[in-house]
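Visitor: Below is one structure. I have some questions about it.
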């Protein structure tokens, strides 16, 4: 991508960045499939390390935002001296350098995975018997009188609870990755180019902050608490959707107060959704005894994102 992002070819009677679109599609495929496979892969390790996976995912959004801020583009145009022509800030480094940095990040991720899998550095965190579906259920049924097994039963997750959490995860990912990213431009631009630029830098922090909250506070919540948080985030999302629907003249447009309210609502919704994703994953990892619990959680999450992004694509275009 770094070498061919600006190359165009004739396609459908016009010049198009065919290679760029292909590379973006391949990267998107890598992103979606890795989410599913890594979620299932983490069952091989201690449940506490699942937060590390979400921390890494949050950095994939935060690091590009930091790079964009360092690059110095995206601000409002200015007119210098007596000129009437708008002047835009010049980037500190080229788009090619930007993509090469991305390539280095992906390469470092691959190296980290190889070290994790093929060296003994993670030996102390490995769960030897991670395939516990049939064995655990048999032990629970045949040794139910043991106090230790009574504690195990109280901490295990029923099949119906697992389905409830999958349904919540589906809706959360539909809103977080399917709808909210699609309407960000329509929500923020009516309040100014600066509001849109600030939002693009601040919003990726929400995912990182959700991991910090889980590490400092609770990484597992009861179903009632998860539903309550989902309701709050959904209300904020509805407000953001209304702003996008009323664009380019939403309430308090072209005002600092309106921009602050829009950014806070958008940020809080993404923060709560990210935290819910982490809480659900931790509960499934630590409480659901059957195999492939995390795999189907990752698959359902991607299906939710797909279910939200496809209709939004046609609505916007």
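Just so you know, glycine gets a Cβ as well, placed from its N, Cα and C.
Per TrEMBL, the features are:
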| type | residues | note |
| --- | --- | --- |
| TRANSMEM | 12-30 | transmembrane segment |
| TRANSMEM | 50-70 | transmembrane segment |
| TRANSMEM | 97-116 | transmembrane segment |
| TRANSMEM | 162-189 | transmembrane segment |
| TRANSMEM | 195-216 | transmembrane segment |
| TRANSMEM | 223-246 | transmembrane segment |
| TRANSMEM | 252-273 | transmembrane segment |
| TRANSMEM | 294-316 | transmembrane segment |
Visitor: Count the Cβ pairs between the transmembrane segment (252-273) and the transmembrane segment (162-189) that lie under 8 angstroms and are 6 or more residues apart in sequence, then report whether there are at least 3.
Guide: yes
Visitor: Count the CB pairs under 8 A between the transmembrane segment (162-189) and each of 50-70, 195-216, 223-246, then give me the winner.
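Guide: When the Cβ pairs under 8 Å are tallied, 223-246 comes out ahead.
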Visitor: May I ask for the residues of the chain that lie six or more residues beyond the transmembrane segment (223-246) and have a Cβ under 8 Å from a Cβ within it?
Guide: 161, 164-165, 168, 171-172, 175, 179-180, 183, 186-187, 190, 262, 265-266, 268-269, 272-273, 275-276, 279-280
